[in-house]
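Comments concern the structure below.
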Amino acid sequence: MTAGDPQRHRADFRRLWAADALSQVGGQVSVLALPLAAVQATHASTLQVAILPALQTVAFLVLGLPAGVWSDRVRRRPLIISADLGRLVLLGSIPVAALLGVLTIWQLYVVALSVGVFTVFFDVAFQSYVPAVVDRKSLVKANSRLEVNRTVAAAAGPAMAGYLVQWLTAPIAIAVNAVTFAWSAAWVSTIGTKEPKPAPAPGVKLRRQVAEGIRFIFGHPTLRVIASYNGTAMTFYSAQGAVEVVFLLRELHVSPATTGLLFAGGSAASLLGAVCADRMTRAIGRHRALPLFTTLAGLGALLLPLTDGGWRLALFSLGSAISGFCLIAYNVVQISFRQSVCPDHLLGRMSATMRTVTLGVTAFGAILGGLLGTWFGVRTALWITAVGALAASLWFARMPRAGTPDAVAGGPSTDRLPAPSAPGRP
């Protein structure tokens, strides 16, 4: 973080937090609204619906690593604003097409893919921009608050989407999402903290700069394990997510409004994960927290295929709640650790590499979920993906033990992440 007035930095973090909150709520609305639009407006098949989340994330496979290099070459705030405005225009085209009566599944595909491109640059730039506004000793607290945004959005967004789709149609729900991106861009534009100009790297090839980010992650014992888990687990969680809406709507015959409430009820517990992550990690240590959180998340996923009519419908929310609590807590810990051990000049490439590993596989995972649902049935697909997500936690058996030299190579000198600063905003 650049030197300056602490009050200014706290105010700027509040603006960044507000921008993130708006973006997250709108994004969660579209996560459910896009597949609902495909099912209701275009009568898409299970595989066609699964293609939508795949298209939104496939851009990470192609652009994720170059986006990290670009983020390290330019100031990140203008990049964040541009990405928000791009998504505003793209998503805004859906309600316009619906009003004109020309909305098709192909337009949803084009929008999903294009939004994914802007999301690549937004995500990489945003994660790399946080340390410019927040002191590194306050990163755990800052990321905890940003994760609160995501968990509140995950709880409120699906419920909003379900009711908006049922009352006003899916295109109107997507229009709400588009407006939130405009608000997010407006908030980021008011941040006054001076972002240092990146040092030029004349004559350095793109391939070499990309390789530096990859070497940093896979040369670090703990980051290597985190990256391996993220890639494996996200494959199965994205496959699971790709068939959840189809499972509830077509197999259990749940209404869109109830579908939104089930997602919201399950996601609400994630808020506790964000709030409790720092305290739990300081109590048991990072090397215990990471495998504990990931194992419990996988166990929660096993409850989803047990969902049925009557009281067993609540198992969907319970399983989502357990997984959500643990995965959000895990994210707070691993993101803060990554930011704390990475040099400033590598933040963009480190974030991009990790995001590529984590989200690049979601395209494959979403298609995998659609194929499993088509070949074996949606409930069986949920069983397969839940077992795979649980097995992914075995990667942490390869993490260096706490207190050994490899456990802290390139990172903090203690098993636990730094304690947060005094009460107050970072």
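Numbering starts at 1 and runs along the chain as it is shown here.
A Cβ is built for glycine as well, from the same backbone N, Cα and C atoms used for every other residue.
Here's what TrEMBL has on this protein:
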DOMAIN    216-426  domain 'Major facilitator superfamily (MFS) profile'
REGION    406-426  region 'Disordered'
TRANSMEM  21-41  transmembrane segment
TRANSMEM  47-67  transmembrane segment
TRANSMEM  88-109  transmembrane segment
TRANSMEM  167-188  transmembrane segment
TRANSMEM  257-277  transmembrane segment
TRANSMEM  289-307  transmembrane segment
TRANSMEM  313-333  transmembrane segment
TRANSMEM  354-375  transmembrane segment
TRANSMEM  381-397  transmembrane segment
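Averaged across the domain 'Major facilitator superfamily (MFS) profile' (216-426), the predicted model reaches a pLDDT of 79.
Under the criterion of 3 or more C-beta pairs below 8 Å, with sequence separation of 6 or more, the transmembrane segment (257-277) and the transmembrane segment (313-333) qualify as touching.
Only pairs six or more apart in sequence are counted, and the transmembrane segment (88-109) with the transmembrane segment (354-375) gives fewer than three Cβ pairs under 8 Å, not enough to call it a contact. Only residues 6 or more beyond the boundaries of the transmembrane segment (354-375), in the same chain, are considered here, and those with a CB under 8 A from a CB of the stretch are 46-47, 49-55, 57-58, 60-61, 64-65, 68, 120, 123-124, 127, 217, 223, 226-227, 230-231, 234-243, 246, 338, 381, 384-385. Away from its own ends, the transmembrane segment (381-397) comes close to residues 225, 228-229, 232-233, 235-237, 239-240, 243-244, 247, 290-291, 294-295, 297-299, 301-302, 304-305, 369, 372-373 of its chain (Cβ-Cβ under 8 Å, at least six residues beyond either end). Listed by sequence, the residues of this chain that lie at least six past the ends of the transmembrane segment (47-67) yet keep a Cβ under 8 A from its Cβ atoms are 31, 34-35, 38-39, 105, 108-109, 112-113, 115-117, 119-121, 124, 206, 210, 213-214, 238, 241-243, 245-246, 348-349, 352-353, 355-356, 359-360, 362-367, 369-371, 373-374.
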